[in-house]
Structures are given as C-alpha cells and as structure tokens.
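Read the structure below first, then the notes.
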Amino acid sequence: NLMQCVVEANPLAIAMKGLQCPTPQICVSNCSSKFWSVSPTDLVPSSKKPSGVWNQAMCQPSIDLETTNLTVSEIFNQQLCLQFTLPTSPILNRCLPSFNTSEIGSFSVGTMSVNETMEQITNGTEQLLNSLNVKDISVKIFEDFTRTWSWILIGLLFAMLLSLLFLLLLRYVAGVLVWILIVGVVSIIAYGIYHCYTEYDMLKKKGATIQTIGLTTNWSAYRSVKETWMVALIVLCVAEAILLLSLVFLRNRIFIAIALIKEASRAIGHMMSTLIYPLLTFILIVICVAYWGMTALYLATSGEPLFRVAPRNDSGPGCEKYSGNESCKPMDFDASTTLPCITECIFYRYNDEGLYQRNLFNLQIYNIVGFLWCINFVIALGQCVLAGAFSSYYWAFKKPQDIPACALSSAFLRTLRFHLGSLAFGSLILTVVQLIRMVLEYLDHKFKDSENPVAKFFLCCLKCCFWCLEKFLKFLNRNAYIMIAIYGKNFCVSARNAFNLLMRNVVRVVILDKVTDLLLFFGKLLVVGGIGVLSFFFFTGRIPIDNPRFKSPVLNYYWLPILTVVVGSYLIAQGFFSVYNMCVDTLFLCFLEDLERNDGSEAKPYYMSKSLMKILNKKNQKAKDK
C-alpha cells in the first residue's frame with residue numbers, strides 16, 4: 001500500500017525516518033497493468049469468497065484463499081492481500097506507478113476522492129523512491145569497493161613508495177629543488193607584474209576609472225578599471241622586491257636550511273623504522289575516536305527505550321482511538337487486545353527524563369574533554385618519541401658508528417618511563433584552549449541571527465585571538481617536547497628554554513620553516529597529484545591494457561576509487577612528511593644548541609655535519625690537529 005509510505009501520515013513511517021515503507025510486500029512475476037481496488041460491496045459479510053475477490057498471486061504466501069476461514073473484510077483489514085493495484089513498471093526491483101493522470105478516470109480507494117487518492121499515491125511513491133535511491137546508491141558504492149579494493153591498495157602502495165623515494169632523494173636533490181622552487185616563485189611574480197602592467201597600460205588608454213563605475217557589488221566590473229591593476233602591480237612589485245632582497249641578504253641562512261634538510265634525509269636513511277611510527281599514532285588515534293564514539297553512543301542511549309502502539313491501517317475499524325501516544329512493551333504486547341484494529345508496538349525514543357538523564361549533557365562534555373586530551377596526548381607522544389630518536393642521531397659524534405642500534409624503541413621506552421607527565425600537562429593546556437574555541441564556535445552559531453554588531457565584533461575578535469593562541473601553543477609544545485627528549489627536563493622548563501632559543505635565532509627559524517614548507521608542499525603535490533592522475537587514467541579505462549587481468553573493472557561511480565586513492569595518498573604522504581618535518585625541527589634545535597654550547601675545541605667539539613661547519617666557517621680543533 002503506497003499510501004503507507006507517506007511519512008507525515010503514518011506513525012510507523014515516522015519512526016522509520018522514511019528509510020523503508022512500513023507496508024506488507026510480496027514478490028510477483030509481473031507488475032500490474034490496470035487500475036483496480038477492492039469494492040466496498042465486497043467487504044460486506046457473506047457477499048463473496050476471498051478467492052472471488054483476489055487471485056493467489058495478489059496475496060501473501062501465509063494465506064491460502066481456497067482454504068482460509070477469514071472473510072474478505074478480515075483479509076482486507078489485516079493487509080494479507082492487495083487493497084488496490086495501479087499500472088506499474090519495474091524500477092529498482094520494485095513495482096512503481098507509471099501512468100498519466102489522464103488515465104485515472106474515476107479511480108479512487110475506499111472513501112477518498114480521486115484527487116486525494118492520487119495525492120497520497122504520489123507522495124508515497126516519492127518517499128519510497130527516496131529511500132530506494134539511498135539504498136541503491138549504498139549498494140553500488142559497496143559493489144565498486146569490492147571490485148576495486150585490490151587496485152586501491154596497489155595505488156596506496158605506490159603512494160607509500162613514492163613518498164619514501166622522495167624523502168630519501170632529498171639528500172641529493174634538496175638544494176636543486178629549493179632553488180628551482182624559489183626561481184619558480186620569483187618568475188610567477190615577475191609574470192604577474194608584466195601582466196598587470198600590460199592590462200593597466202591598455203585600460204589607461206580606453207578603459208573606465210574608479211570614478212566612472214563607483215562602488216558596486218559586481219566584482220567583475222573592477223577588472224575593467226585601471227586602478228585595480230595599478231594596485232595589483234604595486235603589491236606584486238613590493239612582494240618581488242622583498243623576495244629578491246631576502247635572497248640576497250639571507251642566502252647564507254637558506255644554505256643552512258638546505259643543509260639541515262639534507263641532514264634530515266640522511267637521518268631518516270639511517271633510521272628507517274621512524275617512518276613506521278605514524279602508523280602507531282594512527283592506530284592510537286583510531287582507538288581514541290572509537291572509545292569516544294562508543295561512550296557518546298552509550299550515553300545518548302542510556303535512557304530506557306520507549307515504545308508506542310501504532311495501527312497498521314489508520315483508517316481501519318477501531319483505529320481512530322489510537323493517536324500514537326499509547327505506551328506499550330514489545331515483550332508483553334498482545335495485538336489481539338486491540339482488535340479489530342491491527343496494531344504494532346514500535347520504538348519511539350529513549351527516555352530523557354529523570355536526574356541521570358538530565359545530566360547526560362555534562363557527561364558528554366566530560367567525554368569530549370577526555371577525547372581532546374587523549375588525541376593531543378597521542379600526538380605529543382609521537383613528537384617526543386621521534387624527537388628522542390633524531391636527537392640521538394645528531395648527538396652521535398661519529399656517524400653512523402655512534403648512532404644507537406634501536407634508537408626509536410629506546411626513545412619510546414624512555415618517553416614512557418620519564419616524560420608522560422610532561423606530555424600530559426602540555427596536552428592539557430592545549431585542550432583547554434581548544435575547549436574555549438569550541439565554546440566560542442557554539443556561541444557564534446547561537447548568535448548568528450543576532451542584530452548586535454558589537455557582540456559579533458567581539459566574538460569574532462575572541463575567535464581570532466584563540467585561534468592564534470592555539471597555533472602558538474602547538475608550535476611551542478612541539479619544540480618543548482624536543483627539548484624534553486634531549487635534556488629530560490619538565491615541560492615548563494623545556495618550553496621556556498625552547499622559546500628563548502628560538503627567539504635568539506628567529507630569522508633562521510622563519511627561513512627554515514618556509515623552505516621546509518615549500519619542499520614538503522611540493523612533495524605532497526608530487527605524490528598526491530601523480531597517484532591521482534595515474535588512478536584517473538586507470539579507472540576510467542584510458543590506459544590501453546591488453547591483458548584482461550590488469551584491466552580496470554566496470555564501475556558505477558569511477559570517481560569513488562579515484563577519490564579514495566587520492567585521500568589515502570594524501571594521508572600516507574602526510575604521515576611520511578610529518579616524520580620528516582619532525583626530523584628537521586629536531587635537528588634544527590640540536591644545531592642551535594650545538595652552536596651555543598660548543599666552540600669547536602677539543603673539550604667542546606661541534607656535533608654538526610661537515611657541510612654545516614663549512615657553511616658557518618667552523619672547524620673542530622681535534623679534526624684540524626689530525
């Protein structure tokens with residue numbers, strides 16, 4: 001009965017959220033091709049036998065029309081057989097209406113008018129199609145994954161190999177790549193200056209001015225104004241001048257950054273196990289997310305489930321007294337007590353009344369705090385462990401002879417034994433700031449429709465300030481964990497020492513940070529873009545392959561495996577490059593400490609590489625004496 005698919009009119013359909021139609025369903029060999037309904041005269045007792053109204057194909061298998069003792073009226077009310085048929089056609093394995101309104105004539109169901117009948121059938125069909133579309137799409141997505149999961153894994157394996165190859169090759173090509181990227185940026189800005197000048201020169205002769213068009217919301221209009229290109233020209237010229245002056249006066253620091261990047265690649269080459277550590281971090285984060293989700297779900301469903309009595313057919317005899325507010329218990333419910341109305345006991349909602357239920361919101365807040373704290377702690381643990389491993393590489397005087405055999409596992413055990421309290425404290429500080437940001441986002445959502453511009457301004461300022469504070473704390477915590485891994489002091493002392501050390505070398509910090517970001521961005525672009533393009537050509541069948549074993553499968557949505565491979569490649573590249581970034585930051589802090597604490601004498605030799613000593617014109621006296 002398609003009329004029961006209308007969510008607004010059926011309590012059972014409301015409970016099912018429109019995901020399925022709460023009406024009996026039967027399988028048929030062919031869809032119906034005519035308008036037909038049970039005549040009201042057939043429902044009169046002793047008027048006809050059931051076999052004279054329906055044929056067996058129109059009824060559920062549980063009833064035999066020839067031997068049943070039920071009357072036509074009882075079969076009709078219990079929905080054991082079809083109440084009406086329409087001209088239908090098979091769509092998504094369902095018989096759905098397929099007729100023009102001109103074919104309806106005087107067809108109606110029960111006491112409803114023709115218009116009411118068609119409105120109910122149309123609404124029911126639309127909502128049934130919506131639910132079927134959701135199911136059909138999910139099935140097709142599942143089919144695509146089952147056909148392509150092996151190829152997706154191969155694509156992710158290629159992404160892993162490409163990321164690893166890029167990191168290992170940086171020791172040889174880092175300098176060339178950095179200068180190519182810098183020249184590329186300079187060239188792009190130079191072309192921008194040329195383009196802006198040509199546009200300005202052309203519009204200066206025949207274009208409009210800002211006084212001509214005035215203020216307008218049509219932003220494309222400003223492209224035809226010479227002042228727009230003049231402003232862009234000035235901005236690009238200033239940016240180009242700053243970049244060129246920086247290259248001239250800061251070239252030595254750029255060489256230091258390149259040397260540290262090469263040294264980081266060598267360190268990873270000697271400690272390949274560090275590239276596996278992000279997998280452990282990922283597993284721990286998944287555990288935290290799963291625990292938070294399960295706890296939140298248990299809290300949300302901790303109330304007693306409530307059930308309501310719902311009639312199968314609202315227009316059935318005796319069903320008018322059921323409004324959907326009558327409580328019931330599924331285990332004790334007896335449908336025979338509601339006869340002649342055929343009813344069911346359906347789930348309504350979870351009880352949210354009572355002292356415990358009213359405090360569920362506070363428990364959810366507590367759960368969120370624990371979740372954020374755990375996530376930040378897991379990230380801090382990974383940073384401290386990697387910093388411990390890479391610092392042991394830097395402070396090895398003779399490389400690779402003095403590098404510990406199991407640097408990563410030693411750093412992990414050392415962190416678990418001595419530094420958990422410091423990591424938990426640093427994570428807690430960051431969690432507090434993140435909670436404040438969440439509260440501000442909630443207030444911003446609540447006051448979105450507010451007409452008070454002052455409140456909006458202060459709220460926007462607070463959001464901006466705490467966003468900056470969170471970024472600063474993440475930067476400070478990261479370097480504090482490096483100092484903790486090197487010296488083993490508590491969080492506050494390590495954070496203070498790291499901050500002072502970085503402030504004394506702020507220009508070097510900025511240069512190294514930007515050069516590293518530029519290289520890693522290029523690396524991610526290379527990995528994700530390369531694997532994404534390759535997967536696109538493969539899954540769309542544009543790569544000619546004669547062997548059927550290696551041909552791409554036929555898919556419903558070819559973009560699905562492509563998107564999966566691209567996202568997976570990005571996550572893999574992010575994992576590999578996060579290790580590399582941590583290595584660069586650790587070696588940089590060790591390098592600064594080395595410069596400040598040692599002087600190259602026999603008692604205080606430098607631990608830095610020969611390439612770094614050459615750039616800084618430093619030498620170890622002991623090496624010189626030899």
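Cβ coordinates are placed from backbone N, Cα and C, and glycine is handled just like the others.
Straight from TrEMBL, the features:
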type     : residues : note
TRANSMEM : 149-169  : transmembrane segment
TRANSMEM : 176-194  : transmembrane segment
TRANSMEM : 229-250  : transmembrane segment
TRANSMEM : 271-294  : transmembrane segment
TRANSMEM : 365-397  : transmembrane segment
TRANSMEM : 418-440  : transmembrane segment
TRANSMEM : 481-499  : transmembrane segment
TRANSMEM : 519-545  : transmembrane segment
TRANSMEM : 557-580  : transmembrane segment
(message) Using a threshold of three or more Cβ pairs below 8 Å, and leaving out pairs closer than 6 in sequence, do the transmembrane segment (271-294) and the transmembrane segment (557-580) count as in contact?
(response) yes
(request) Would you kindly list the residues that approach the transmembrane segment (149-169) from elsewhere in its chain, counting only those six or more residues past its ends and only Cβ-Cβ distances under 8 Å? (result) 265, 268-269, 275, 523, 526-528, 530-531, 534-535, 538-539, 552-553, 561, 564-565, 568-569, 572-573, 576-577, 580
(message) Suppose I define contact as three or more CB-CB distances under 8 A, residues 6 or more apart in sequence; do the transmembrane segment (481-499) and the transmembrane segment (519-545) meet it?
(response) no
(request) Quick one: find which recorded stretch in 229-250, 271-294, 519-545 has the most Cβ pairs under 8 Å with the transmembrane segment (176-194). (result) 229-250
(request) Would you kindly list the residues that approach the transmembrane segment (418-440) from elsewhere in its chain, counting only those six or more residues past its ends and only Cβ-Cβ distances under 8 Å? (result) 368-369, 372-373, 376-377, 379-381, 384, 459, 462-463, 466-467, 469-470, 473-474, 477, 480-481, 484-485, 488, 490-491, 494-495
(request) Please give the sequence-distant neighbours of the transmembrane segment (519-545): residues at least 6 beyond its ends with Cβ less than 8 Å from one of its Cβ atoms. (result) 148, 151, 155, 158-159, 162-163, 166-167, 170, 174, 177-178, 181, 261, 551-552, 555, 558, 561-562, 565-566, 569-570, 572-574, 577, 580-581
